[in-house]
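Listed in TrEMBL:
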- B:486-543: domain 'CBS' (DOMAIN)
- B:587-639: domain 'CBS' (DOMAIN)
- B:35-56: transmembrane segment (TRANSMEM)
- B:86-104: transmembrane segment (TRANSMEM)
- B:147-170: transmembrane segment (TRANSMEM)
- B:182-206: transmembrane segment (TRANSMEM)
- B:226-250: transmembrane segment (TRANSMEM)
- B:270-291: transmembrane segment (TRANSMEM)
- B:352-381: transmembrane segment (TRANSMEM)
- B:402-426: transmembrane segment (TRANSMEM)
Number of protein chains: 2
Amino acid sequence: CLINILIEEFSDLKYNFLKHSVDSNVINGDLAIPYLFWMLLNIIPVLIGSVLVTYVEPIAGGSGIPQVKCYLNGVKIPRLIRIKTLAVKVVGVATSVIGGLAGGKEGPMIHSGAIIAAGISQGKSTTFNKDFGVLRYFRDDHEKRDFVVGGAAAGVAAAFGAPFGGVIFSLEEVASFWNQLLIWRTMVASVISSFVLNIVLSAYYGQSSLVYPGLFNLGKFEPLPFTYLELPIFVCMGVIGGLQGALWNFVNIKLYIFRTKYVTKKWEKVLDALFIAALSATFGSILMYSLNDCKPLGNDPIKYPVQLFCEDNEYNAVAALWFQTPEASVKSLFHDPPGSHKILSLALFVLVYYPLSCLTFGLNVSLGIFIPMLLVGAGWGRLTGMTITSIFPTMNLHPGKYALIGAAAQLGGVLRMTISLSVILIESTGNISFAFPLIVTLITAKWVGDYFNEGIYDTQIAVWRVPMLPWSLEPMFQKLNAYNIMNTPVVTIKLRAKAKYIYDILKNNHYNGFPVVDDNGCLRGLILRWQLVVILTQKLFVEKKRFWEKDVSIETFRKEYPRYPSISDVKLHMDKRDYTVDLKMFMKPSPHSITKDTSVPRIFQLFRALGLRHLPVVSVNNEVVGIITRKDFLKYHNH
Amino acid sequence: CLINILIEEFSDLKYNFLKHSVDSNVINGDLAIPYLFWMLLNIIPVLIGSVLVTYVEPIAGGSGIPQVKCYLNGVKIPRLIRIKTLAVKVVGVATSVIGGLAGGKEGPMIHSGAIIAAGISQGKSTTFNKDFGVLRYFRDDHEKRDFVVGGAAAGVAAAFGAPFGGVIFSLEEVASFWNQLLIWRTMVASVISSFVLNIVLSAYYGQSSLVYPGLFNLGKFEPLPFTYLELPIFVCMGVIGGLQGALWNFVNIKLYIFRTKYVTKKWEKVLDALFIAALSATFGSILMYSLNDCKPLGNDPIKYPVQLFCEDNEYNAVAALWFQTPEASVKSLFHDPPGSHKILSLALFVLVYYPLSCLTFGLNVSLGIFIPMLLVGAGWGRLTGMTITSIFPTMNLHPGKYALIGAAAQLGGVLRMTISLSVILIESTGNISFAFPLIVTLITAKWVGDYFNEGIYDTQIAVWRVPMLPWSLEPMFQKLNAYNIMNTPVVTIKLRAKAKYIYDILKNNHYNGFPVVDDNGCLRGLILRWQLVVILTQKLFVEKKRFWEKDVSIETFRKEYPRYPSISDVKLHMDKRDYTVDLKMFMKPSPHSITKDTSVPRIFQLFRALGLRHLPVVSVNNEVVGIITRKDFLKYHNH
C-alpha cells in the first residue's frame, strides 16, 4: 500500500532540482553586483512566496510539522492536506529559500510527504470500500492518519537521507497513536522513499552506484575520536544549547503573539516578509563589507568565492558563508579545515544569524526551522572549539567536531527531540562512532530547555489554542471528577426527531457531536454534526423512506468525506420541517460513556487511548447528564 | 529515576566477566584432550544450569523475551520478575554458554535488565507513595511496566553495545503500550547503561578512551560498497532467510509441543538438556576429526588454534569454529579474509548447527536465540558469497559482507523484526553505509516468513495459550457483537455482601474480577479477586468497623502487592460468616463498561488501548448482563 509513496518523492525531487539550479544562478549572477541588487533578488522570490501563502493558502505557512502533529492527534485542521496546499507549499518553500531567508526546506518537505501520502490513501480507500459497514467511518480516519505518519517519515527520509531517522522522527515527534503495524508500514515507506531518491539522484548526478545519501547531506565525517576529558565540554555545550534554545523559543513565541496582534492585514504580512528578506541582505552586506577576512583560494571547497576587497587568489570568508544555501554553509562549518574562519567573523555571523532566524520563523512564508538552527549551532559550536584551542593550544581540537556538537545542542534546545535528532545527524554524517557524545549533548540540551519551556512545535500548538490531547494530564486535573469538567446541559437528540429541531440545534450552536437518547433520556448513540447535515441535505426523512431506502448506504455519507457541507448550505423547505428523522439508522450505536463520578485521569486515559472527541457522561441509570470534549482538558479552557 | 539502572549493568557485567574467563579456561584446557573430556566439560555446566532452571525456577528458562512481552501486555506471569529468577537466570545462562550449547546470552541479558529495572521501580514506589489515592493501584502497574521496558532496552544496549537499537527493540518487539514519555525514559536508560558498560569495560581491559562498544561486538567493518547488481542477490538471500526462518520456527514449535507432551518429568527435562549438550560435542568432534581443513597459522585472528591432524604451523579451520564462543565464531565469519574457510567444511558446519540450534532452543535452560541464528546466517551467507565467487570468479565478492547479509536474513526470518535488527546490526558493526542492503534483506525475510507463520516469540506465546492481546483482531471477530463473545451468567457481588457469600464465590470459581452491582443489578464498580481476599484476611467487616476504620487505607492493600494471598490461605470462622462487607469502600468505582450491542472491534480497541482485563457488559439501563475478558478475543478459546 505504500509503494505509491514514490510518486511523492518524484515531485519532492523535482522542486528541489528546480530550486537548486535557480539557487546556483542567483549566486553566480550577483557576484559583481552590489547590495541593492542582492536585496532585489531576495525580495522578488520572497514576494511571490509570501503572496501565495498569504492570499492563496495560509495553512501552507510555517514548517507544517506542528500542523501535521495536531492532525495526527485527531484535531481537524481544514485544508491541511489538500493538493492546493501542497502546490503552494512547494512553490512557497522554493521561493523562500531562493530569497535567502533564514529558513530550511526540511519541515515543508515533511509536510509535503504527509499530504501526498494522504492523497494516496484517499485514492485507495475510494477504490475498494465495501466490506466493513458502519465501522468503516472510524477506520477511515485512522487509516488516513497511518498514511500521513508514513508520509511524514518518507519526507524525513528524503530530506535527510535518513530512513531510520524518518521512522523514529515520526514516532517521537509527530504521531499521537502508535502500534506495531504502523512501525512496519512507516519503515517500508521510508525505505522506498530513500531508495527512489537514491536512484533519481544517482541518475541526475550521473553516478552508477547507489551512494547518494539524500537531499541534505552533511558530508561524511571520518571516525571522530573523543576522550573522557571532552565529555564535560559536550555537556556544557548541551547546557548552552538548552538555554539558547529556550530563549529562542521564548522570543519567537513573543514575536508570534506580537505579529498576530499588530500584523493582521494581509498586505502587512507580505510587507513583513519582504522587510525581513531585505534585512537579511542588509546584514549580510554589512558584515561582508566591514570584515576583511581573506583566505587564500584553492584550499577549501567553496563553490562561489567572492573576491571583494581581497587580493587576487584570495576570497572573502564571510561572503562565503552568506553566498551559499544554508545547507552548504553548515557543511563548510563542519568540514572546513581548522583555521578556515576567523573567530571574530564567525562570532558576528552567529550573532546576526541567531536573531535573524528567530525573526524569520513565524513569517507568512513556507519555511522550516531545522537548517537555520543547525547553522547557528554549527557556528557557535565551531567557535567554542576554536576558542578552546586558542586558549589551550595543546589540545588541538577538531573544530568540525565541535560544530557538530553545537548543531546538535542548538537543535535539541529548540526542538527538544533526542533520539530522532541523533539518528538523523548520525545518518546524514554517516558516522556512528560519534553517537554517544551526540546523545549526551542532546539529552542535556533537552533537560535544560525543558526546565524553561516546551519545544517550539508544542509551544506553537499551545499558542494556537488547538484542542490537542497532550501526552499526560495537567496536575490540576488529577483530583477532579467528571462532573467538575463536563459541559452541561447537553443538547441531545431523540431517536426520532423532527427535521426542524435538528435544523435549529445545528443553526444555534457549534457543537460537533450530539448524544442520541431514547424517551427516558438514556444514551443510545452518538451522531456527528456533519452526519446530521448530510441527512438534511439528502432529505433522508422517515416519511419519504420509500424514495431513498434502496439507495442510501454508507456510500451516501462516504461520498461527502472529507469535504462536508455546512449547515448554512442547507435550506429546509417549510413543508419538510415537520418530517421525522430516524437517527437509529445513522447514529453510532452504543458509544463509549462514563458516569459522572469517574475521575478525570481515567477519562483522560480514555480520550488519549482512543483518540476520542466527544464522551457523553451518564448517570447510574444511563441518562445523559453531560458531555466532555477535548477542550475540557486544556488549562486555559478551564471553568 | 533510571540512573539506578547502572546497578543492573554492574551485575550483568560481573557474570559476563565470569563467563568469559571460564570460557577461556575451558577452551584452553581441553586442547589435547579428546572427545570424552570435551563432552564431560559440556555436560557438567549444562547439568548445573538445567537443574537450577528445572528445580528452582522454571520461569527462568528460555530467552525470557516472550515472557517479558506478555508481562508488558498486561498478562500476569507469576515470579517472572523476582530476584530469585534473576539469580537462576544469570547462573543458568553462564553455565549453558560455557557448556557449549547452541545458544546466546543476549535474550537472558534483556530479561535480567527487565528484572533489575522492575526491582528498582518497586524500591522507589514504596519510598514515596502517599499522593494519589485509589488511582495509585492502577498507576503502579503501569509505572512498573515502564521501568521494565526501560530495563529491556538497557539490556539490549548492554548486550549489543547498541543504545539506539535498545530503544527501538523495546518499541518494536517488547512493548505493548507506548507513549512519548516512555521513549524519552527508555533512551536515558539505554544511554546510561551503555555508558556504564563502556566505563567498566574500558577499565577492565585497561583502555583509556571510551571506545569499547559493548559486550557483543561484531567488529568494525570498513565501509562496504555495493552495486545495483548485488541488490537482487540480497533480496534472494532475504527470501532464503525468510523460508529457512519459517521452517526453523515450524520445527521448533513442533519440538516444543513434542517436549511438553513426552518430556514431562523433571529429571527427563534435565536429561534432555544433557543429551543435547553431549550431542553438540559429538557432532563437533565428528566434524573436526573427519574434515582435514588445514590453514597456515598466523594469518587469522584465531585465539585457540587446534593442530589436530594438521602439519606444524597449521591449524584446523573446523575446530576453530567449534572451539570458540559462538560470538567469536560469528566475528571470524564476518571478518576472516576470503579463503579462510573451505566451502565443504562451512556447509557441513551450517548443516549441523542449524538443527542443533533448533533442538537447543526450547530446552529447560536459560538461553537466547540471537547468537545461534546469527551464526547460522553468517555461515550460509558466507557460503553464498563464496559460491558466487567460485562460479563467477570475476565478481570477487567480499564473503564477510555476505555473511552479514546472511545473518540479517536468518535473524529476520526467525524473529521477524526489521528496524530494530538493522539498527542493532549497524551499531554492532559500526557501519552505517551498509544500512540499505540490510534493511532490504530484513524486509524481504520478514515478508516471506510472515507468509508462513509468525515470529518465534509470537509463536511461542501462542503455544503457551497466554491471553495476550494481539495488535489487531482476528478477522472472524469483525462482525460479532458483545453478546456473541461475552461470558454469561456473570458472578456479581452486591454493594453490601455477606462474608460467607464472598468466601464461597472465591472458593467456587477462578474468576479474577467481579462486577459490583446495586440492588437493581446496575453496575456500580469492579473488584478484583485479590482485593476480596485481602478484605477477608484483614477482616474488614462493617460490624467491626470501629476497630479498623482508622488504620485501613490504601496502604493495607498496597502492602500485599505484588504477592497476594490466595483464597485457600483464608480461614473464615463460623462466627464471622454473617458479617457484612461494604464493597463501596474498596471497589474501583464506575468502571468502563459497554452495552451488549457494541461491536467486537470497538471492544477490542478498548481493551487494546487501555490494557483492560475485565469489561462488564451492561444493558441499556446499566444492568450487568455479561463480562468480557481477554481470553474471549483468542481464536482457540472461541465459544
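Just so it is clear, glycine is given a Cβ too, placed from its N, Cα and C backbone atoms.
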Quiz item: Do you know the DSSP helix, strand and coil residue counts for the domain 'CBS' (B:587-639)?
Solution: 18 helix, 17 strand, 18 coil
Quiz item: In terms of Cβ proximity under 8 Å, which residues at least six beyond the ends of the transmembrane segment (B:226-250) contact it?
Solution: 354, 357-358, 373, 377, 380-381, 384, 388, 397, 401-402, 405-406, 408-416, 434, 437, 440-456, 459
Quiz item: Other than its close neighbours in sequence, what residues sit by the transmembrane segment (B:86-104), given a CB gap under 8 Å and a spacing of at least six beyond its ends?
Solution: 11, 15, 18-19, 22-23, 26, 41-46, 48-49, 52-53, 56-57, 60-61, 64, 111-112, 115-116, 119, 273, 276-277, 280-281, 284, 325-327, 353, 356-357, 359-361, 363, 365-372, 374-375
Quiz item: Excluding the flanking five residues on each side, which residues at least 6 beyond the ends of the transmembrane segment (B:352-381) place their CB within less than 8 Å of a CB in that stretch?
Solution: 46, 49-50, 53-54, 58, 60-65, 88-89, 92-93, 95-97, 101-110, 216, 237, 240-241, 244, 248, 251-252, 255-256, 259, 269-270, 272-273, 276, 279-280, 283, 287, 326-327, 329-330, 333-334, 346, 402-411, 414-415, 456
Quiz item: Between 0 and 100, where does the mean pLDDT of the domain 'CBS' (B:486-543) sit?
Solution: 83
Practice problem: Just give the helix, strand and coil counts over the domain 'CBS' (B:486-543), going by DSSP. | Solution: 22 helix, 18 strand, 18 coil
